[in-house]
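J.: Encoded as structure tokens, here's the structure I'll be asking about.
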Amino acid sequence: MGGGGGEQQQLEVLHALDVAKTQWYHFTAIVVAGMGFFTDAYDLFCISLVTKLLGRIYYRVDGSPSPGTLPPHVSASVNGVAFVGTLSGQLFFGWLGDKLGRKRVYGITLMLMVLCSLASALSFGHTPTSVMATLCFFRFWLGFGIGGDYPLSATIMSEYANKKTRGAFIAAVFAMQGFGIITGGLVAILVSASFRAAFPAPPYGEDPVASTPPQADFVWRIILMLGALPAALTYYWRTKMPETARYTALVANNAKQAAADMSKVLQVVEMRNIGNNGGSRRPFGLFSGEFVRRHGLHLVGTSATWLLLDIAFYSQNLFQKDIFSAVGWIPKAATMSALEELFRIARAQTLIALCGTVPGYWFTVALIDVVGRFKIQAVGFFMMTLFMLTLALPYHHWTAPGKNHVGFLLLYGLTFFFANFGPNSTTFIVPAEIFPARLRATCHGISAASGKLGAIVGSFGFLYLAQSPDRSKTEHGYPPGIGVRNSLFLLAACNLLGLLFTFLVPESKGKSLEEMSGDAEAQEEAPPPLQTVL
């Protein structure tokens, strides 16, 4: 069949997707696709909670006035190795998803997450170093699976959705992170409270050895292990998802199979006389001049905004300790037992997430197809810049003992809110909408990997930068830095740069994927609309 007929058949299939009414399968796909992000957020949230417990269990120093803590290089490895794995997985599975198809590799990422979550909890060794080494090994591969879920889930959801509610559906997949955060916090609270009641222990200051009961070693393992359950429960449905019609029609060049796959899960009228396509019309590659001309600046925009956003977003834990100590939520470590400390940290961070982090996700879901991606991202970057400057300029006013705690807490929560009702959501959504189908997962993976590089810089680069310039006031094992206040000024600058790079990213609200990517550029007239079955 000739190329023109093939393009017409492609467009009939794609137009049917664009005008399909919202159906039950869309919501099923959100849950199935979102489980990877649930696991991602659960793991990232919980590992930050249990690191202090790991320090008490494995790095106690006899005679020390304060509990054991993970050495800086060990803490960086335990927390950061999953980021490195995620970055690698985003690039690898993004490329593989375009090469082999979304469906063929989608189950692999979830199985990696399930198995490595369980294996992380079973980390073993005769010495603290060997336990941490095995934990880091499994956390790398956990991150690798999580990384693969970024481009695949975003691409699959964008290619299943209609153009009217596509943004909300992709945002809802990403918003599963909110459920992961809250679930992680609740699990940590319940497990630590249960063990605390079953195995009472004195504060560290009273009895350093007895303050960490032997059973505490089970606590962090149970918390990490339970994160695998929701993902495992959705594995069957993930393997049953058909290949997306857009991949089959535009990349595999089989419009007939695309129509058949679509009819299995979405109720649309059977299309007329559709056969196989004659071939792909514009087979330019990622490194071609044509791609650079048409999408080069778009890729720079999506990658740079995600990079800058994650530098700022993941660095916000720098001043959590100031908030928690200032408002009295977490007393000094020596006045608590190991399980009491875990309970209090989990409770405080869960409350922050519940009030500041999670609502922003769902504001994005509700408004992204009304307001548009560009406005939400630009306003989010602007507000984050404003709030960080407001925190930085009178920083000593906010952190002075005995006052100003409510204002500091409010600004901190609003910064998280406008990150999630802003660029943290839109940087995930837009790369799945604006690139050609045959490069969509690859470009999303590149953008996401740029973001994860920013997360590494934000989490660890600024952890060193934010140390006090006075060596006597730095945390144990860290060299002097530029201080939290100056770090906040740098982060405000990152947000401002993110706002500027946002202007390189096109608005995709209400437009078809083919219109945004140019996949159907040669076809000036769309086929007559196909009516969906009610």
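The count begins at 1 with the first shown residue.
For all residues, glycine too, the Cβ spot is worked out from N, Cα and C.
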J.: Look up the topology recorded in Swiss-Prot and say whether SER288 and SER508 end up on a common side of the membrane.
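T.: Yes, Swiss-Prot places SER288 and SER508 on the same side of the membrane.
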J.: Counting Cβ pairs under 8 Å that are 6 or more apart in sequence, does the total for the transmembrane segment (76-96) and the transmembrane segment (128-148) reach three or more?
T.: yes
J.: Excluding the flanking five residues on each side, which residues at least 6 beyond the ends of the transmembrane segment (487-507) place their CB within less than 8 Å of a CB in that stretch?
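T.: Distal contacts: 297-298, 300-302, 304-305, 308-309, 311-312, 315, 318-319, 372-374, 377-378, 381-382, 384-385, 388-389, 391-392, 395, 423, 430, 434, 462, 465-466, 481, 516.
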J.: I'm a bit unsure how to read this: which one of 105-125, 128-148, 217-237, 351-371, 376-396 has the highest number of Cβ pairs shorter than 8 Å with the transmembrane segment (406-426)?
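T.: Top-ranked stretch among 105-125, 128-148, 217-237, 351-371, 376-396: 351-371.
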J.: When DSSP states are grouped into helix, strand and coil, how many residues of the topological domain 'Extracellular' (190-216) land in each?
T.: 10 helix, 0 strand, 17 coil
J.: Determine whether the transmembrane segment (169-189) and the transmembrane segment (217-237) share at least three Cβ pairs under 8 Å, counting only pairs 6 or more apart in sequence.
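T.: In contact, yes.
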